[in-house]
Amino acid sequence: MEAILTECAQNSLRHFMYRNAIFMCERLCAEFPSETNSQLLAVCYLQNNQAYSAYHILKGNHMAHSRYLFAQSCFKMDLLNEAEAALCPPNESSAEIPNGAAGHYLLGLIYRCTDRRKSAIYHFNQALSLDPLLWAAYEELCILGAAEEAATVFGDAASLCIQKQHLPHGLGSKSMQASAEDQGLISSRNVGAEDLSPRHLKNIHGNSQRDAAGNYHSAPQPGGTGSQPLNGGPTTLSFYSTPSPMAAASQLSGVAPPPICRNMQINGPNSCATGADSSPRSTVNSTIQAPRRKFVDEGKLRKVSGRLFADSAPRRSIRLATGDSVANTNSNVSTVSGNGTNHSSKYLGGSKIATGSVRPVTGRKGQSWSNENFDEGIKHDGYDDSRNSSTTCSSPSSESRSLDQEGPTSAAGVCLSGSRVAVGASDLLALLRILGEGYRLSCGYRCQDALDVYVKLPQKQYNTGWVLSQVGKAYFEMVDYVEADHAFNLARLASPYSLEGMDVYSTVLYHLKEDMKLSYLAQELISTDRLAPQSWCAMGNCYSLQKDHETALKNFQRAVQLDSRFAYAHTLCGHEYVALEDFENGIKSYQSALRVDTRHYNAWYGLGMVYLRQEKFEFSEHHFRMAFQINPRSSVIMSYLGTALHALKRNKEALEIMEKAIMADKKNPLPLYQKANILVTVENFDGALEVLEELKEYAPRESSVYALMGRIYKRRDMYDKAMLHFGLALDMKPSATDVATIKAAIEKLHVPDEIEDNL
């Protein structure tokens, strides 16, 4: 009965029938109370977004996995102190972090949310060292500005770690005995109930903690089934290990590839019926108790082994030259074409650039792409790994014997050879190195360098929603809104269901004053997911563009309500408060954004603008300088930092920073105008006029440029030219405030400056 209830609950989780899973788990816990069964019930509640229920079920439990699930529940409920205590018991300083890499990652998130940067960085690095494919940890390090170069993180050490995780335990084949280094990658122990390979636990790590919490008892994502732990067995196993690089590559491409491993199709009375009993209990028990089953005649199997694996660890160049054909050597052996290995290394050195090709995004130079798949070799080499738990039925002892006697085609023919794991890991890490380096540079606001790195991606990877969104963000930070709009539009076409970067896209359309496109985007996002903060940020930007700041503020507050850790929503609230001249609440909103993310430079910039308007120039300079330290390539930040320095009478420093701002973005008129203002202050009128003449080319319809030129000519007693430029300034239809200022200057045209200052 216990096994049936457990299997029923797990099957319901696999099919997203959470209410049924909860009901069956409650029956299970009532009939067979145990901490392991409580864990399964807690997972059901977590998957159903009922963290409070999981919290009460797990409170007081001490098993490692119970502590991890309890910490997940606390994290979702914002009980960060309790979450930390669950992962790191205060009275047990030597206690190991539960669930390995996933536990370190969760602890890193807790430390980041509680503003303990160094501890967060340490645990994110620990998570990466345990699982190099935990991309979410590398993302967090990039956001914190503490990530190492991707070539280091996803280098040789990561490759060895992946091979160690994804090679079958107890493998003694010749291919893994080729070097002492390879020997160190293989465990000599047998696979038993308490020694499952991490590759059998196919789970997905993502930005959402909900995904991580939901994979206990192997409730897999659609399209795959995971092996379940033995009920009542050890809970120190890592149920949240990252999937194999081969499986990850197939998820990137979105297409389920055919298997490459030669699965044995058994036709005899001793065959292993994979569909007869797929429960974890029966699977593991059969592994422990069943006597050795002779699938086919051993002599024939040795012949099959010799033909399929004549060279168990061939050189990559030889494998690439062997072509696509693999002979069908026995009617009981199912083979698949191995053409994936032909192309798996083609793009490792970066894609080949050629002129004349269609370019997917403006600024991305045309590339000549073949029809060959970049990660085809990865997918074909290892995707069938997920089937091991349901097709392997031999006992550990027979498995070890068959490995010695029959080679790597034993154990139902599903074990990957060491060379294939190495190739798959190499190809996947090559892809992650490009993605990781681009993301690291983007988080460091080296946007042009990031774009140059993303261009190296193969076309099918470049034309994905996530990459195109990153490209759009890079153009946004470079204040190239037209290109950002184009990139985000392509991202919407590639992934119309994804909300990645849509908050930034709405801001791009806001700056371009594309009210129709912005309104359409907001409606689309709301219809896609009403509970996503990005949707309400887009709606708020739509109202802000229409100058309806109160309604915009309500929408941004709704985004904050949905996700209090969404820093950009807090910042947008601050902008609307400032537009309504509610500076006190604006400051509070910016400070809330900084509590979420201290490197959110937009909030530092917003605070600087508030203090600049309040003429608190020392505070203004401090906050602009903090923003400048985070984003040292922003021409806008440098311009306002120079303005604050100019207000503090530090004109030399102000001129230096203005020069840097001009060099950072020569099309930005703001630093040129501020430089002219500073030159007027130091009475360098010729230099100021020269700068303004240059500025007229970039901003020919800017009234303030002509008004400043009129002031300069007045200071030089050139009244005719002064009157001419004041008149030109009025013709540009400036704001009402500027009109009043210009008319006042015309009325006092013949009044000396000394007398005017005393009036």
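Placed from the backbone N, Cα and C atoms, the Cβ positions cover glycine too.
Annotation comment: TrEMBL describes 101-134, 533-566, 567-600, 601-634, 703-736 as repeat 'TPR'. Taken from TrEMBL, the feature region 'Disordered' applies to 196-242, 271-290, 321-409. As annotated by TrEMBL, compositional bias 'Polar residues' applies to 227-242, 271-289. Marked as compositional bias 'Basic and acidic residues' by TrEMBL: 376-387.
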PLDDT averaged over the residues of the repeat 'TPR' (533-566): 96
Tally of DSSP helical, extended and coil residues in the repeat 'TPR' (567-600): 27 helix, 0 strand, 7 coil
Secondary structure content of the repeat 'TPR' (533-566), with strand meaning DSSP E or B: 27 helix, 0 strand, 7 coil
Residues in the repeat 'TPR' (101-134) grouped by DSSP into helix, strand and remaining coil: 27 helix, 0 strand, 7 coil
